[in-house]
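As structure tokens, the structure follows; a few thoughts come after it.
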Amino acid sequence: MAIERTFSIIKPDAVAKNHIGAIYNRFETAGLKIVASKMLHLTKEQAEGFYAEHSERGFFGALVAFMTSGPIMVQVLEGENAVLAHREILGATNPAQAAPGTIRADFAESIDENAAHGSDAVESAAREIAYFFSAEELCPRTR
């Protein structure tokens, strides 16, 4: 098993409903360690840059508007197969299709406001982590 790092966002809808602690508990209960975190209110430019790969898609404007509608939590998680483990904890992108007990099933209202984001691969995780965190901000958990 490989120790990996993945990137996670708790989106504005879940932050507004005070689900941060409950979601962090899910990460830690699943064996993922939080090695960096911070609260941000994305600017339009930051959101457009982060989601640039979707810029030609019809939902891009709504996504940027949603992601700038309130504070978010960004965090780096570390653990065995962290990318897959995190995505399993999140559940399906559409909360209506997410398995009971997953973050999206429990905390999300719709596919547009689905509580959280998780990297889909180790490579995208590295890119997404670097977008929000410097190397100095990552704190290895040695104990």
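Note: Cβ is positioned from N, Cα and C throughout, glycine not excepted.
Swiss-Prot lists LYS11, PHE59, ARG87, THR93, ARG104, ASN114 with the feature ATP binding site, giving sequence analysis as the kind of evidence. For HIS117, the entry in Swiss-Prot reads active site, pros-phosphohistidine intermediate.
Pairwise Cα distances among LYS11, PHE59, ARG87, THR93, ARG104, ASN114, which the record gives as the binders of ATP, peak at 22 Å. Look at HIS117 (active site, pros-phosphohistidine intermediate): DSSP puts it in a strand. The DSSP secondary structure for ARG104 (ATP binding site) is helix. Put simply, HIS117 (active site, pros-phosphohistidine intermediate) is 9 Å from THR93 (ATP binding site) when counted between their Cα atoms. Taking the Cβ of LYS11 (ATP binding site) as reference, residues of its chain lying under 8 Å away and at least six apart in sequence are, in sequence order, PHE66, MET67, ILE72, GLU113, ASN114, ALA115, ALA116, HIS117.
For the recorded positions ARG87, ARG104, HIS117, the greatest number of Cβ atoms within 10 Å around a candidate Cβ is found at ARG104.
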